[in-house]
């Protein structure tokens, strides 16, 4: 007999070699119906896994991220099996679970059409109904290669040949379908009650543009049809809010073929951008930050010294100046470090907070580019803080409070993750432990719940990630706090302590928006282009019913401009109904409609985007209303 410790601390005794599924049934038949996987001693496992020693056991359901991935990973195999049944000539590439769904890449001589997707989806439904048992088996390298060669699957051969010697090579079988896969998977295909194929796109094999273009079928899966219906409804709403569409319609930005991944901000987009940057400066000045600016191009040696060369060079751009190799910076931290090193520092200056709205460039594959959300050049709202070890907790708490104060202004809820040491990290175990505990202590001191994201820290230190939740339930990773003992060591940073001796400072890297461009994209979608008054590129649109009101309208426009209001005058010879509809499409917060009555009474008829017709009021009263919204950064309900 062995002892199994459950997540709630309860210990149960079971027979050695018992399957997880049998333990779940023993715990609760209701839980058995919901269970999709497990964690054994912190490692992801399947319900079919046998436990042979005392272990800690956590049962995973679809409510858990790892549980959803298991369901969707199995769904990708169901997709591949359906395609192979219908189109046996298709060659299989890869098919992982991804955020909110799954995909599978196929090599086939024709393009999948919407009608074909419907046919594939029906075949997938048959496979689910067949409730095929899913079995895992392992093979030695040579036998594994023979299996996939005999099946005429060249991409699988390449994957196996690239595995390190001694690596476990596993396959999963459901009915007559076999696929190379590390898992995990469900016990059978019948557990999945709702699958939907969403789209087809091109994808280069292994993401390399030099390789063959494959066809990628995207889909999603749920255990309940009602959950799938809600998700599809959210996707429709997301299309309506797509920042790429709205960015063009509202004349905010474009991305041109002359510069893929390099956004062009138009005048109205620059208004939004400048407001955000000035807001950032205002908040940071009050919080004790000093702003700096560092060069975009720095020599190659600097990136070797910082460690970015070893960990990041595939994402960097390079150039040559006077026969010397230079790199376009992918991050701002080395420049900030050089500012710190420009003279000697005392502990009395700590914590030293250096902020920078720094332009960085990172090479992204063309297939990964997506409007403002995934670009090749962007502005990071970085700050680097230098401090003593004793100041870690208090300073991280200050940063957490600062980030929280930013997100509250926009009405965002958020959740927090603590990302720990990755495999390709640098530095000692002791430094990583101190850094990780420092972040944990600060999070607990702030009273924030957080999730551990194992192995997803930066190469130089652990980090706290802030994930914003938008009005349709999607999440976006924005703010980050990273604790770093490595850069100060690599650059030999020092300060003079109370004892008069030189000591090594601790460094914090942190962002609030993350990327100005991406944050603007998030705001466009969150507000569906209807920015709150303080952020709107045009706050007021003035329009006349006939030409006889033009002189009065010009006076109103000039008065508003003098008071700092962003106003446009629509003096076109069009019907007033047409002008109103145009302003509504441009999502202007307020319209002023002027007729003879308003001129004679020296008033303005105001129409609000949110509240509708507000009637005729004095310009002074209207400006007071505007200023209240602007000064207090009022945010309307964005739904």
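Using the three backbone atoms N, Cα and C, a Cβ is placed for every residue, glycine included.
Among the candidates 333, 471, the residue that Swiss-Prot names alongside 384, 509 for the Zn(2+) site is 333. Under DSSP, the residues of the domain 'TGS' (1-61) split into helix, strand and coil as follows: 14 helix, 29 strand, 18 coil. Here the binding-site residues are 384, 509, and the one with the most other Cβ atoms within 10 Å of its Cβ is 384. Counting every protein chain shown, 24 other Cβ atoms lie within 10 Å of the Cβ of residue 333 (Zn(2+) binding site). DSSP gives residue 509 (Zn(2+) binding site) a strand state.
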